[in-house]
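One structure is given here, and the rest of the page talks about it.
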Amino acid sequence: MAKEIKVKIGRYYGAEVDLNIDNDSVSRVHAEAWYEPALEMVVVKDLGSVNGTKPSGESKIAGDTIRVGYGGGVSLGEVELHYDQLKSCIDAKVAKINEAQLKQQQIEVKKRQRSRLLIGTLTGLVIVITGFFYFKLSANKQSVEASVEELARALKEVDVLMRNPPVVELEVMHSHEMINSFIAYTDGTAIDTRTGLMWSRCLLGQTWQEANKSCEGSAATYRGDRSIAAAEIANQATQIGKSNWRVPNRTELLTLVQGIEPNDYEAVFSNDPMGFVWSSTVKRNAHSHWNVNFADNNMYWNTNGYLHYVRLVRNVD
């Protein structure tokens with residue numbers, strides 16, 4: 001026990017006392033007491049009791065204090081307080097203070113834990129966000145820098161491609177419907193009358209379901225330098241009854257995000273994950289290719305190590 005923890009003794013209603021005694025009609029603090037572990041005694045000091053504070057039993061005066069042993073006590077006027085009463089009051093106050101300190105320590109620990117958790121969460125979030133933007137800048141930095149010039153050039157090429165579209169003859173062997181500028185066939189192909197190009201309505205990896213006119217399954221992704229090989233494999237398998245499919249160049253791919261309403265696009269190219277799709281157009285060298293992000297209708301380029309979707313196209317015979 002710490003000797004600095006003291007109890008107040010008295011009849012005092014204007015402030016809290018630890019041991020309340022009814023020895024006179026005056027509200028006052030009569031004395032204070034604390035435990036001295038080296039002596040194994042309770043020490044009592046008078047603080048202005050009317051009749052004074054006097055030792056009794058195994059107690060002795062020491063300067064301006066009274067040392068109370070196990071069999072002793074003190075008298076404050078007509079009230080006598082024994083060692084057990086004094087010690088119990090001191091112990092109760094010590095326990096109360098210790099409990100309050102423990103609760104405060106627990107609160108501080110929880111605060112530190114929450115602080116560490118918050119710092120950890122924020123640190124993790126910063127790392128994730130930093131990593132995300134690093135990835136975005138690494139993947140698309142050059143496209144952002146070149147987009148004004150390159151996109152303007154590509155859009156001019158799109159305009160030239162669509163300015164004089166060829167005459168498209170309907171394939172009578174398959175039923176069809178007109179969706180905007182597209183002749184959408186039930187065999188899983190669609191001709192864009194603006195360009196005369198025939199597109200696969202499904203991305204590579206998906207399967208066309210004629211019954212419900214939709215693409216089922218997950219689209220496959222390919223490295224930039226493997227997309228053309230994927231088209232060749234599709235031709236060997238006579239994809240949708242055709243054997244001259246190819247990967248579209250960036251101009252052809254851009255036509256799919258020009259002047260087409262989202263609902264019409266979805267009707268023609270159902271279940272499209274709306275991600276990056278490779279073109280066959282290289283960026284400076286064969287180690288990188290242009291692609292179109294159908295989520296924002298913008299043109300990007302990536303090195304061939306990135307995995308993107310492939311949509312095949314062919315020239316109408």
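Any Cβ shown, glycine's included, is placed from N, Cα and C.
These figures come from a predicted structure and were not determined experimentally.
Annotated domain 'FHA' per TrEMBL: 7-60, in sequence order.
Residues annotated as transmembrane segment in TrEMBL: 117-135.
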Quiz item: Taking DSSP states H, G and I as helix and E and B as strand, how many residues of the domain 'FHA' (7-60) are helix, strand and coil?
Solution: 0 helix, 30 strand, 24 coil
Quiz item: Across the domain 'FHA' (7-60), what does the pLDDT come to on average, as a whole number?
Solution: 81
